[in-house]
Amino acid sequence: MHVVPKELLDNGINNVSPITLAFVIYIVNGLFFTSVSKKSTPISKITKKNWLFLSLIGIAEVLGLITYFFGLKDSSAANAAVLNSSEIIFSIFIAMIILKERLQKKERGPFTLIILGVIILPIGYDMYNTGFMFSNMVTGDFLILLSGVFFAADINISKYVSDRIDSKRITQITSFVSGLVALGIMFTLDIPFDISFTHIPGILLSGLLGTGIATFFFVLSLKFIGSVRTTLLYSTGTAFGVMFSWAILGEAISIINILTVIMIISGIFFLRKRISG
């Protein structure tokens, strides 16, 4: 999710547009899950209400991924792995706004820990390194944070839909919706289809494994092990993202990266009851 797209978006030679990359990824995912969802929930049995929710998931997903790709282009893959956890924060904010929930006193500490780990430390460290200037890297960081808002909306709606529709069907339909939205943006902004054969392996890897299969297992996990365990396991992806950015891209891992990973996973663990709601 963080490493391979970074190479496609910012290799210095033959970069791919973030919107074009999102379009191809979702169409490939849609076609793949069409081939494996023949025994899933029949499309004819999906209600209008659920079609609306699936469409909203698709729109939120593609806007989140496009925003994330624009941010990843300027930020580091290690920072992206950390900042991507912001969707946990925004998921709680959405529940607080829509459901009028409030954090209990014992939940404020872990929630603050997550905010420090996801937002304050990584962005503050980047601003410090650039002389507190609003550099391209800091802009990229904020774009990745913004993508967390869309992914948080995606998670909240998926919790509802996952109990009513098969996971493969959800991934298939939302992928096509996302692809169509991305295509519409490409036509509107007159963005060229700048994909070459050299991009195909990376697109298949980041699309099917990083987005499609990952989304499928995430939705499946929501259904079978609940949102608490799903979120706790999902948060470990931050650590793997940081490690892969070092192993594959050769990015330096700082003490700040290590601290943020520890703070995020610890905060989510202590806040697991709130996340389950």
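The backbone N, Cα and C atoms fix where each Cβ goes, and this holds for glycine too.
TrEMBL has this to say about the protein:
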TRANSMEM  12-32  transmembrane segment
DOMAIN    12-121  domain 'EamA'
TRANSMEM  52-71  transmembrane segment
TRANSMEM  77-99  transmembrane segment
TRANSMEM  111-128  transmembrane segment
TRANSMEM  134-153  transmembrane segment
DOMAIN    139-271  domain 'EamA'
TRANSMEM  173-193  transmembrane segment
TRANSMEM  199-220  transmembrane segment
TRANSMEM  232-249  transmembrane segment
TRANSMEM  255-271  transmembrane segment
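Among the stretches 12-32, 77-99, 111-128, 134-153, 173-193, the one making the largest number of Cβ pairs under 8 Å with the transmembrane segment (52-71) is 134-153. Looking at the domain 'EamA' (12-121) alone, the prediction's average pLDDT is 86. At the 8 Å Cβ cutoff, the transmembrane segment (199-220) and the transmembrane segment (12-32) share at least 3 close pairs (sequence separation 6 or more) and count as touching.
For the transmembrane segment (173-193), the partner stretch with the highest count of Cβ pairs under 8 angstroms, out of 12-32, 77-99, 134-153, is 12-32. Residue counts for the domain 'EamA' (12-121) under DSSP, split into helix (H, G, I), strand (E, B) and coil, are 86 helix, 0 strand, 24 coil. Distant neighbours of the transmembrane segment (77-99): 1-3, 6, 68, 71, 111, 114-115, 117-119, 122-123, 126, 137, 140-141, 144-145, 147-149, 151-153, 155-156, 231, 235, 237-238, 240-242, 244-246, 249, 251, 253, 257, 260-261, 264, 268, 271, 274-275, 277; these residues of the same chain sit at least 6 beyond its ends, with a Cβ under 8 Å from one of its Cβ atoms.
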